[in-house]
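Trainee: First the structure, which I've put down as structure tokens, then a few questions once you've had a look.
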Amino acid sequence: MTVRESAFVNGRWLAGGGVEFESLDPVTQDCLWKGAAASDDVVGQAVQAARQAFTSWGRLDVSRRIDIVKRFAELLEEDKERLADVIGKETSKPLWEARTEVASMVAKVGISIQAFNERTGVSEQDVAAGHAVLKHRPHGVLAVFGPYNFPGHLPNGHIVPALIAGNTIVFKPSELTPWFAEETVRIWAKAGLPDGVLNLVQGARETGVALAANDGIDGLLFTGSSPTGHSLHRQFGGRPEKILALEMGGNNPLIIAPPYDLKGAVHHTLFSAFVSAGQRCTCARRLLVPDTAEGQAFLDELIAAAANLQVGRYDADPQPFMGGVISLRARDQMLAAQNKLAAEGGRILLEMRSLEENASLLSPGVIDVTDVQELPDEEHFGPMLQVLRYRDFDHALELANKTGFGLAAGLISDSRDLYDRFWLEVRAGIVNWNKPLTGASSAAPFGGVGASGNHRPSAYYAADYCAYPVATLEADQAQAPAQLSPGMSL
């Protein structure tokens, strides 16, 4: 495969200038895309192009910006099957799920327009000091870092509101999903986005460090792992003038508490733990069940159902529930994590296994870690669910909050009283009741606390960090007051 011109700067495709890398099909290991990482020089060109485009883009009437964003959504809809196929090939996500990702990208446009008007619109009122006006301005040049698990939907959740607000962008996707990022940028160009408004730099850590360190950016919007987010936070230390929005991972608890519908509880747990092969930041990582005969009966049903989940290629017919994890490296990391927990006292209830020698396909795994003395507070990004048995609901809440993360938490129980207490006491930015933990609405804020984020939730609240408020007192004419301040004469 030939090396592509992988950087998009000021409306032109350029050679990246850095080290060459590939995107591989996680299951077949076929090369899907080959390009070069953006060098420091190309990163600088991209930032400069965004800076030059900012003046005209930011001054363009918001209705014109929205027209272009709406055209982008129309083009996504027209090309949705091909785009879903690209997502499926590059991530191993089954087509049924890849289609929902493209649909989410389309829906994000209308939601972002509504959020812009509601969260960052114009308000006016007469006050004692004069006429008060609140408006919002774009920050300027924003870097957007995207993850691999939702290579379209998640960066789109930053890019769309940032463009509506009048910012220009330098986009650095995950080095594991460069192909879909390229396809997205091509659609933006086709939608009529002016040159320089959206620029693309490909690459891994070195490219990200260079972009984050560039003095020409006014902020950075990040979705990804907690270690990378913490690294960016350290890199931004001493730079309070830069906006930094971090949406990171979680070690999310899901509590099962009687009474509950057994089939409903099993379904929601399976979906929470294993959808996307466990590669959603909101996936349940820790399952808290009562240490009773009823709790054991629930686990027996869960394990039997998990063992029957279908795993396979993204385009298999009939469709599987799960595809593979993102890479062979990710597969090996998950198997190593399972082995480590077992060595530390965990009891494997359903073994996570590699299903093909040179493929990233993993079967679901469930491991009882109740007896692990020093349970690591880590996000294992794959199809492995850890079980903790609790004595009573006080103990369940204690275990749920025994994490430095704070992204998502869920309760499966018919008891409203337990839920009311759970909502008040659990520490998380997303709290679900009798719904899958992975269920979240773009019409609501999305984000967490602690090691899961820095209190700048995305989704509906992305509008808040894509523009800053400007408070104004206005009068048609400067007039001296009827009574001057003490010690003043005119």
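Cβ atoms here come from the backbone N, Cα and C positions, even for glycine.
Sharing the features that Swiss-Prot gives for it:
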type     : residues                           : note
BINDING  : G224, S225, S226, P227, T228, G229 : NAD(+) binding site
ACT_SITE : E247                               : active site
ACT_SITE : C281                               : active site
Trainee: How many whole Å apart are the CA atoms of S226 (NAD(+) binding site) and E247 (active site)?
Mentor: 8
Trainee: Between E247 (active site) and G224 (NAD(+) binding site), find the distance joining the two CA atoms and give it rounded to the nearest Å.
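Mentor: The separation of the Cα atoms works out to 7 Å.
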Trainee: Over all shown protein chains, what is the count of other CB atoms within 10 A of the CB belonging to T228 (NAD(+) binding site)?
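Mentor: For T228 (NAD(+) binding site), the 10 Å Cβ neighbour count is 18.
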Trainee: Which has the fewest other CB atoms in a 10 Å radius around its CB: G224, P227, G229, the listed binding-site residues?
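Mentor: Minimum Cβ neighbour count within 10 Å, taken over the binding-site residues G224, P227, G229, occurs at P227.
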Trainee: Can you see whether DSSP assigns P227 (NAD(+) binding site) to helix, strand or coil?
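Mentor: The residue in question, P227 (NAD(+) binding site), is helix (DSSP, three-state).
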Trainee: Select the closest residue to C281 (active site) from the following binding-site residues, measuring between CA atoms: G224, P227, T228.
Mentor: G224
Trainee: Would you mind ranking the binding-site residues S225, S226 by how many other Cβ atoms sit within 10 Å of each Cβ and giving me the lowest?
Mentor: S225
Trainee: DSSP on E247 (active site), three-state: which is it?
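Mentor: Reduced to three states, the DSSP call for E247 (active site) is strand.
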Trainee: Which number gives the other C-beta atoms within 10 angstroms of the C-beta of E247 (active site), all protein chains shown included?
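Mentor: I get 27 for this one.
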Trainee: Including all protein chains shown, what's the count of other C-beta atoms within 10 A of the C-beta of C281 (active site)?
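Mentor: Cβ-Cβ neighbours of C281 (active site) within 10 Å number 30.
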